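Worksheet for the structure shown next.
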Amino acid sequence: DQGAGVTYLEPSASQIGHKESIKDTARVLGRMYDGIEYRGFGQDVVEELAKYAGVPVFNGLTNEFHPTQMLADALTMREHSGKPLSQTAFAYVGDARYNMANSLLVLGAKLGMDVRIGAPKTLWPSEHIVARARAVAKETGGRILLTENAEEAVKGVDFIHTDVWVSMGEPKEAWQERIDLLKDYRVTPELMAASGNPQVKFMHCLPAFHNRETKVGEWIYETFGLNGVEVT
């Protein structure tokens, strides 16, 4: 809507990484466009594009990180908390191994925020990402807490974040395992109340499985008896 010329290259219309190397693709697209946004799977792909394109490359989403979502989330938290970000606390509860939890951890550390991760220890962010975030937080005054206790994670926060428990491409069999692991980390009215903050707000990058109004939501209800998964 800003008048830029945009070309969308979907996977079936591109040979990136298949018949043409990432390096060659980056060099060609960098001569044709003023910027490139990559939305895909591998973090290594977007980093290689950035290395060889010669123009700005934006990470629209990878398995590891979701920085463009963080720009929107930081703005949303700033608008709706009424406080500077450095005085804002938020929690992420659920499966914390992937892009949303990783990115929220890094975002909070960089902006000097109070960041809580509530998840089973087996589903925490990787040690090297946590170590990087803690190092940054030391410089910015950020606070980082990782806990297996969901109520401890949300105590006193301004925002509670979550994401889907099973990602695109994972088999249906993964649902039972995640439900067993994460049933105590669903965002419910009770968990919201456990924050002790009557103004606490809920955030989700979407799509969310919160009712039966989708094919997946209905299948989850019929299979597991849950009306809503990560949030009710």
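Glycine is treated like the rest: Cβ placed from N, Cα and C.
In Swiss-Prot this protein carries:
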- Q15, R39, H66, P67, T68, Q69, H204, C205, L206, P207, T232: carbamoyl phosphate binding site (BINDING)
- E79: site 'Important for structural integrity' (SITE)
- N99, D163, S167, M168: L-ornithine binding site (BINDING)
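When the recorded positions E79, N99, D163, M168 are ranked by how far their Cα is from the Cα of T68 (carbamoyl phosphate binding site), N99 comes first. DSSP assigns M168 (L-ornithine binding site) to coil, not to a helix or a strand.
When the Cα of H204 (carbamoyl phosphate binding site) is compared against those of the recorded positions E79, N99, D163, S167, M168, the shortest separation belongs to D163. Taking Cβ-Cβ distances under 8 Å and a sequence separation of 6 or more, the neighbours of D163 (L-ornithine binding site) in its chain are Y92, G94, D95, Y98, M100, A101, H204, C205, E230.
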